[in-house]
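Trainee: Sending over a structure as structure tokens; questions will come in a sec.
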Amino acid sequence: MKIFYFLIIVLLLILHLFPCKGADVEAERAETSTSQSGIKCQCGESQISILKRITLNLKNQGKTIFKKSKFNLGSGLYGKVQHAYWPDRKICVAIKIVKRPKNFMKEATKNELEVHEYINSNITDNERNYIIRMYGYRKHSGYYFWKGKYMSIVMELGGRNLYNYYDRSNLIIRRHDGGDLEIFSDERKGVLGNILKCAAKALQQFHNFGVHNDIKSDNFVTLKEQNELEPLTSCKLIDFNLSKTIGQENVTNEYIEVNRKRDIWALGSMMIKMMKFRFQSFPINLSLDTSHNFLNAYISNDNYNTNIDTVLKVKISGFDIISY
């Protein structure tokens with residue numbers, strides 16, 4: 001028994017002298033606060049006292065303390081997004097952690113940062129109401145997935161993406177429509193109309209700076225404070241890995257013009273996918289290259305004549321109408 005206690009003491013000494021290094025080899029350390037027990041973070045998702053303290057040495061911000069949740073907001077093959085509380089500003093943020101094992105990921109991450117920095121330098125916070133904001137970033141080594149090189153990007157925290165927002169709204173609408181998924185009711189028209197307005201305004205604002213090149217419902221998020229029982233009033237465009245700005249090298253005026261039209265077409269396609277319950281047959285892949293027959297039939301069919309249809313028919317024809 002004495003040997004057991006001796007080993008425990010030795011282990012504690014080792015942990016004290018040689019603390020484990022996490023994603024931030026300089027400063028990430030688990031620290032549970034007891035002074036703020038019961039107090040919740042700004043978004044109300046977590047108690048501050050149970051969040052893990054980390055320090056990131058951000059470009060333009062310097063060493064910055066965050067209180068990070070252990071739960072992921074989302075994850076993929078090369079990265080994940082985590083919720084964190086920023087004590088100095090008393091706001092919640094999203095920390096996007098990207099592993100950079102391949103050249104294409106390095107280029108995609110580099111491109112995303114360039115786009116964020118270009119937008120940050122060309123718009124004020126008050127004007128930036130439809131594009132997600134980046135607060136800072138840093139490169140580091142660590143063990144988030146396995147040992148390697150990572151990029152942590154601290155961003156404004158959004159809510160649900162528009163795909164999930166519509167899916168959840170649909171559940172509420174079904175209660176009023178007797179469980180029918182195929183009724184294009186006034187409630188569905190209202191939800192879809194608000195989604196279209198918000199997404200169109202977000203894309204319009206982004207087009208002041210460049211082209212997005214990956215418009216889909218996953219890449220728009222609601223505001224974190226959005227009440228899901230209230231009409232959607234705003235959303236924000238995210239994920240700029242494939243985006244190009246007017247100021248980037250080798251980005252010509254012709255490239256911007258052509259790809260703005262592609263963005264607008266993609267927005268129309270996104271909305272049609274949300275309304276696919278209206279069509280007897282729907283293509284598996286509604287892409288620009290494979291969907292001409294379906295879209296031409298939709299455009300020429302006068303039975304699709306709501307305000308939403310009128311706008312979408314113009315959008316997928318290659319023109320830009322923001323309001324209706």
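Including glycine, each Cβ sits where the backbone N, Cα and C put it.
The shown structure was predicted, so the numbers you read here are calculated from the model rather than taken from an experiment.
Per TrEMBL, ATP binding site is recorded for K96. Positions annotated as domain 'Protein kinase' by TrEMBL: 67-324. Summarising the annotation, TrEMBL assigns signal peptide to 1-22.
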Trainee: So if I draw a 10 Å sphere around the Cβ of the residue listed as 'ATP binding site', how many other Cβ atoms end up inside it?
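Mentor: I get 22 for this one.
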Trainee: Three-state secondary structure of the residue listed as 'ATP binding site' from DSSP?
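Mentor: Strand, per DSSP.
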Trainee: For the domain 'Protein kinase' (67-324), would you mind checking the mean pLDDT of the predicted model?
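Mentor: It averages 86.
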